[in-house]
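*Asks:* Dropping a structure here in structure tokens format, bear with me for questions.
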Amino acid sequence: MLSFNDTPFHPATLQLTGIPGMQTGHAWVALAFCILYLISIIGNLSILTLVIREPALHQPMYYFLSMLSLNDLGVSFSTLPTVLATFCFNYHHVGFDACLVQMFFIHTFSFMESGILLAMSFDRFVAICDPLRYATVLTNNRILAMGLGILAKSFITLFPFPFLVKRLPFCKGRILHHSYCLHPDLMKVACGDTHVNNIYGLFVVIFTYGIDSAFILLSYALILRAVLAIASQEQRLKALNTCMSHICAVLAFYVPIIAVSMIHRFWKSAPSVVHVMMSNVYLFVPPVLNPIIYSVKTKEIRRGIFKVLYKSQS
């Protein structure tokens, strides 16, 4: 029987799930998620504040890093309401339309991160392969245009998703397998013809992750060729060291995505907790690791942090 707010096709609310098998340890899980959110939010806000306040960081590399930090904040704030409600307040329900909105923002920020990492690889390519033209190629206007282009591409490609989901009836229950809303999870409880959703979803993944990762690999192939042409070993190591932070950020983003894809394709009988934990890694690890990576590996960021700490103590 339908509830008062239900329609024949859509439930009024969907039920979110925590982590399977850990119902008795939700307090510890809630604490872990709160710590991750704190590290992510404080770390990325600190990077943004440093780049804005320090004139020495007003360079293309750090403008792209600001975009990455802003995007990671978007990822964190997209999942935060339902994750905290599920684990901290034991509230497992989300409105159907609210779920679609959350799904849209989670996937949009995820695809934007891929585009920003591609833009950062282009920055490293120009800096190493054509350093004399670095300032003229990566002007402020071009950086702004690249940022707006990444935003527009992600928004336009993801905009049809909520409408494609909303046209489907939901007759396989209303229980989702995560503490937030994802498109593949919604497809598991939807019925009717989902071919359009699946085909369009595959197109978007190839159009974003596939193309972006291919160009990132191409840029690093060209960077490696240019570095190997440098006569001095010390200069080669110095040039490669400028890429280490970005390489770590790319690995932190793409390795969980590849792992999730491999598990879904080749280990379909895996326990549900494996799928849930890998999805959590895919969404929570990059926003937490990126500010740590750039703070540890980038001398200018470390110098800015020490400068702010020194001023606060003085």
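For all residues, glycine too, the Cβ spot is worked out from N, Cα and C.
Reproduced below are the annotations present in TrEMBL:
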type	residues	note
DOMAIN	43-294	domain 'G-protein coupled receptors family 1 profile'
TRANSMEM	27-52	transmembrane segment
TRANSMEM	73-92	transmembrane segment
TRANSMEM	104-122	transmembrane segment
TRANSMEM	143-165	transmembrane segment
TRANSMEM	199-223	transmembrane segment
TRANSMEM	244-267	transmembrane segment
TRANSMEM	273-293	transmembrane segment
*Asks:* Same chain only, please: residues at least 6 beyond the ends of the transmembrane segment (73-92) with a C-beta under 8 Å from a C-beta of the stretch. Say none if there are none.
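*Replies:* Contacts of the transmembrane segment (73-92) (Cβ under 8 Å, skipping residues fewer than 6 from its ends): 15-18, 26, 29-30, 33-34, 37, 40-41, 44-45, 102, 105-106, 109-110, 112-113, 179-181, 283-284, 286-287.
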*Asks:* Which sequence-distant residues neighbour the transmembrane segment (244-267)? Criterion: at least 6 residues beyond either end, Cβ under 8 Å.
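*Replies:* For the transmembrane segment (244-267), the far contacts come to 68, 113-114, 117, 120-121, 124, 184, 209, 213, 216, 220, 274-275, 278-279, 281-282, 285-286, 289-290, 293-294, 297-298.
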*Asks:* Who are the chain neighbours of the transmembrane segment (199-223) in space, where the CB to CB distance is under 8 Å and they lie at least 6 residues beyond its ends?
*Replies:* 111, 114-115, 117-118, 121-122, 124-125, 128-129, 153-154, 157-158, 160-161, 164, 183-184, 243, 247, 250, 254, 257
